[in-house]
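Visitor: Marked as transmembrane segment by TrEMBL: 12-31, 75-94, 101-131, 212-230, 251-271, 283-301, 429-448, 460-480.
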Amino acid sequence: MGIKAALPRYELYLYTAVLGLALVWAGSWILEASSENVNRKAFRGSVKPGWHYFGRRMDVADFEWVMWFTTFRNHILFALAGHVIFAKILSLVAPRHRSFIFGLYGGLAVLVTMGWTFLALVLSHCIILYSVATVKSKLMCFAAGLATLASIKLEPYNSWQESLVTGSFDLQDILFYGGCGFSIMRCMSFGLENCEKKDGNYKFSDLLKYNFYLPFFFFGPVMTFDRYHAQANRAQLSRKDREMWSIASKALTHLGLVLLVDVFFHYLYILTIPSDMKLVTKLSDWCLAGLAYSNLVYDWVKAAVMFGVVNTVATLDHLDPPQPPKCITALYVFAETHFDRGINDWLCKYVYDYIGGDHEQIFRELLATVCTFAVTTLWLGPCQVVYVWSLLNCFGLNFELWVAKLFSLSPFAAMERVMGEAMSRRIRGVFNAANFWAIVLYNVLSLNSLEFAALVGGRLVLTGFPLSTLSVLFVTYCGVQLVKERERRQALLDEPELKPIDGGKKKAE
């Protein structure tokens with residue numbers, strides 16, 4: 001598909017003004033709902049004292065955010081700082097043994113944090129999956145890996161394994177399931193890459209060095225074995241021009257985002273309000289739409305910051321880790337929707353692209369998406385919400401292909417050629433705006449609840465029609481067109497040969 005023509009500048013200014021006013025309008029509704037209901041009984045468990053000098057209380061409904069940036073902030077920073085110092089000093093002394101040093105420090109940190117029984121459990125998973133990997137059968141690697149993953153996701157096997165870990169502290173459950181889950185995914189990646197190795201097998205020590213890299217161990221992201229092995233064992237280490245400046249600027253950006261989220265949580269209780277369905281039913285359509293959208297934006301910010309902190313450490317180690325996910329505001333197709341790029345890359349490489357091929361055949365694409373979301377369901381932990389989330393997103397991904405196939409037929413393709421690129425972009429923007437809200441509703445149910453997602457969907461589609469429905473879609477359309485314009489300009493920067501030629505026509509990609 002070629003790059004669509006630019007829209008008139010005044011049209012883009014109009015879209016910017018409409019989007020800005022709408023965001024302020026929705027934000028004012030959420031602020032009013034937060035301020036007027038701060039003392040509700042339903043808020044007591046998740047709205048705690050915050051800035052005393054401003055008289056503001058804080059939304060602490062997200063345990064994961066509180067854990068990272070308040071309760072266990074010092075512990076996490078201490079562990080990561082120790083890794084940076086330890087790894088840097090020893091890497092200067094023995095640069096060829098960097099991966100061994102990374103794995104040794106990570107193994108010791110896991111031992112000190114979780115105890116020898118947890119370390120033994122993780123090692124047992126590694127031994128089992130390494131043994132299967134030596135058979136060099138992808139089917140067996142997948143079967144063994146998924147069975148091991150199921151053992152920590154399904155009862156009674158997960159409770160039995162968790163009982164092996166002695167001690168008790170607030171973070172133990174998260175570290176247990178995070179450490180075991182990511183470890184198994186890394187072992188599966190190792191096994192599948194070992195199947196591709198033509199001469200012999202990788203060593204068991206290669207698996208251990210890969211698996212116990214501390215910044216990725218408990219919280220991810222997952223970096224596939226082939227990429228990590230090549231980068232961690234690179235003997236010649238060098239920095240690009242201004243790379244340290246880039247690392248420092250990203251670190252400051254993450255700090256700024258943390259402070260910004262802290263400010264928002266003192267004024268906009270976007271996580272607590274959706275849990276109180278009695279209050280939610282009384283809110284306006286615009287307020288509900290703003291809550292749904294802001295919940296997904298927050299989840300993206302959380303992922304971007306948490307993975308960004310880890311990625312900063314990995315970049316200092318001369319690695320190129322998976323980047324943070326694409327902002328929800330810039331998403332209007334299911335094919336680009338994900339909140340963990342590491343898991344997304346893993347699934348694409350070993351399941352989705354492996355089965356789906358070029359993703360042009362309808363039945364092959366259906367099989368690829370079903371298998372991908374089946375693995376994702378097991379990874380997230382099977383339950384009703386995950387089942388519904390997987391089903392809806394699997395349908396959305398396939399529906400996009402069906403619609404694309406339909407409109408590629410000769411009658412529709414001829415009509416699009418006649419109407420011109422600018423008008424084609426506008427019409428596609430209408431469909432993309434509707435698709436954006438399908439993405440929001442299909443994913444907000446996993447962040448809040450099925451009831452909240454159903455209420456928002458019912459308000460925007462049924463009871464709010466036509467005023468709320470069309471106004472929200474128009475605002476979304478404005479946002480989609482601004483995103484498309486940014487993508488168009490970025491594509492022209494990346495590929496200058498696509499710039500207008502012959503009276504404004506574009507070369508095809």
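Even glycines carry a Cβ here, placed using N, Cα and C.
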Visitor: Look at every Cβ pair spanning the transmembrane segment (75-94) and the transmembrane segment (251-271), keep those 6 or more apart in sequence, and say whether at least 3 of them are under 8 Å.
Guide: no
Visitor: For the transmembrane segment (212-230), which partner among 12-31, 101-131, 283-301, 429-448, 460-480 gives the most CB pairs under 8 Å?
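Guide: Most contacts with the transmembrane segment (212-230): 101-131.
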Visitor: Any contact between the transmembrane segment (460-480) and the transmembrane segment (283-301), i.e. 3 or more CB pairs below 8 Å with pairs at least 6 residues apart?
Guide: yes
Visitor: Report, as numbers and ranges, every residue of the chain located at least six residues beyond the transmembrane segment (283-301) whose Cβ falls under 8 Å of a Cβ in that stretch; write 'none' if there are none.
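Guide: Here the qualifying positions are 23, 25-27, 29-30, 33, 257, 261, 264, 268, 270-271, 273-274, 325, 327-329, 339, 440-441, 443-444, 447-448, 452-453, 455-456, 459-460, 464, 468, 472.
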Visitor: Which residues, given as numbers and ranges, are at least 6 beyond the ends of the transmembrane segment (251-271) yet have a Cβ under 8 Å from it?
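Guide: Result: 27, 30-31, 33-35, 37-38, 43, 46-47, 50-51, 54, 56-62, 65, 69, 291, 294-295, 298, 301-302, 304-305, 308-309, 312.
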Visitor: With a Cβ cut-off under 8 Å, give me the same-chain residues at least six positions beyond the ends of the transmembrane segment (12-31) that come close to it.
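Guide: Residues 267-270, 273, 283-284, 286-287, 289-291, 293-294, 474-475, 477-479, 481-482, 485 contact the transmembrane segment (12-31) from elsewhere in the chain.
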